[in-house]
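Taken from TrEMBL as is:
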REGION    300-435  region 'N-terminal hotdog fold'
DOMAIN    300-557  domain 'PKS/mFAS DH'
ACT_SITE  332  active site, proton acceptor
REGION    463-557  region 'C-terminal hotdog fold'
ACT_SITE  523  active site, proton donor
């Protein structure tokens, strides 16, 4: 019943363990073991009374219409066992040192009440079927220290509690039962009393706990119980595996054979050769090349695309000399060198993968795109004076929706697409955007509370506040950002603990280019990490500088 009281919200887990542990300590301290015993009898309480008569001892538990447990001194229980066995009852003496619900536990009751008085007892969140009173408990004030002391000493009537619950429609024959305990004991009683069809244990003696819990979850799921599988797998995300199930999709392919002859009475004959006088045709107008498809400022030209049912490849090429793209690249300078920011690669990845996904799943809802495993082994460097033909960046993206992932490669090429240098590569994983929000909801209170702690430390000068101008002035020693990149409006930093928080206000506008997620914005959101390592006391800034060469995962919901 203690496990049930915790599950119902009456007592906390720590209080439950305290009560059970202290009760055991009191038994060992104040009671003599093996002076009393318990006898499980296959028979109803009234039938047992009729047989024992004046030798009737106390009833500890009534677990079902034909399941009764007697208790009393060792001599009395032994005598009852002999009498009942002689009259054809099946009886088993339980191997326990202490007989609950008997006079053996009287010495601990007052002490146990004092222990229980320190516990908070709440109103049940779900109804509690009380085997002590045989009632359905819904209100606060019923369960307390006196109740627990009586529960240790008096008869507990499991059967009556179940019968009452059934009459009050707390459950019916379709209810699935989960037994929380070291071994399924109550499940058999439930089946015997109310004919339950689905019972599942949390643990089973001499069985691997993983097997038990997995089997029980399967049984409950098959019975129609809604399982929160995100919560079930939460602690073991790394062990999850996506099964390679067969796909079912439509692959549009033309199987029609065009007929090229005459659809008349002569259709079965080969076409006759007819001599005609062919006049000189007027000279054809020069072919007009179809303009290349444009996706955004960073993805200016689709040079190749190929799609199958569940996969596709897209190659885009962009000229860095295009004014708005050029400003995004030269606005990020390290040592007076225009280093292409990783945030630009991220925007290109999001743009192309969004296009890929919509081509393969045009009617699907918005998908989350996790830009992960970004590595930039050889940064692209833009020339401050662009050559006449410009500098060209090419991105190749190959998506496989069966795997839920796209592989991307960034490289510089000549204007006609010949490779000059590989620069970066990453993955984009297509994920459920709602699960991202759920993950954030689980931890955002911790993040917000730590931000509040940092803000409070500014009052004791354990943390320092810097406005945009000062923050980026410190940054300028390492990276020179133009105004559109300077999104950190205010920074609070604790150099000793290498903690910081920043308020972000994006500085770019609609006239600064059309992007999926502007590199100015992505960079601004990441500046706080670079600020901690480069603009604080963490490293020797005179001789060292930390430059990001990628990241593990980036999700923007």
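Each Cβ is built from the backbone N, Cα and C atoms, and glycine gets one as well.
Given the structure is predicted, the values throughout are model-derived calculations rather than measurements.
In this structure, 332 is the one among the active-site residues 332, 523 with the smallest number of other Cβ atoms inside 10 Å of its Cβ. Rounded to a whole value, the Cα-Cα separation of residue 523 (active site, proton donor) and residue 332 (active site, proton acceptor) is 10 Å. Across all of the region 'N-terminal hotdog fold' (300-435), the predicted model scores a mean pLDDT of 94. Here the region 'C-terminal hotdog fold' (463-557) is broken down by DSSP into helix, strand and coil counts: 30 helix, 25 strand, 40 coil.
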